[in-house]
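*Asks:* What follows is a single structure, and I will ask about it in a moment.
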Amino acid sequence: MKMNITKSYVILFLVVVMTNSLSNSEVLVAPVIETAQNDVCFVPCTSRYGHYECAFDCMHKRYKDGGCVHGRCCCKT
């Protein structure tokens, strides 16, 4: 009985490791790299609150520039 439990844990561990190694982790990294150029990201961008409104709000808050990055308004210093 103990051998079966150990085998099950080993198989589960290998499945988790294989799944993790085969997943595309660069998909998660890409937005972080692009937003790293911006200092502050806050409200989501929508059809009513777009790039122009975001840039205006950022400049109003005394940031150098701003725009929608991956669906969020991000301001640059």
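A Cβ is built for glycine as well, from the same backbone N, Cα and C atoms used for every other residue.
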*Asks:* Considering the candidates Cys54, Cys58, which is the cysteine that Swiss-Prot reports in a disulfide bond with Cys73?
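*Replies:* If we follow Swiss-Prot, the cysteine bonded to Cys73 turns out to be Cys54.
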*Asks:* According to DSSP, does Cys74 (disulfide bond) sit in a helix, a strand, or coil?
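*Replies:* Strand, per DSSP.
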*Asks:* Given the disulfide-bonded residues Cys41, Cys68, Cys73, Cys75, which one's Cα is the least distant from that of Cys58 (disulfide bond)?
*Replies:* Cys75
*Asks:* Rank the disulfide-bonded residues Cys41, Cys73, Cys74, Cys75 by the number of other Cβ atoms within 10 Å of each Cβ, and give the residue at the low end.
*Replies:* Cys41
*Asks:* Within 10 Å of the Cβ of Cys58 (disulfide bond), how many other Cβ atoms can you find? Include all protein chains, please.
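*Replies:* Summing over all protein chains shown, Cys58 (disulfide bond) has 23 other Cβ atoms within 10 Å.
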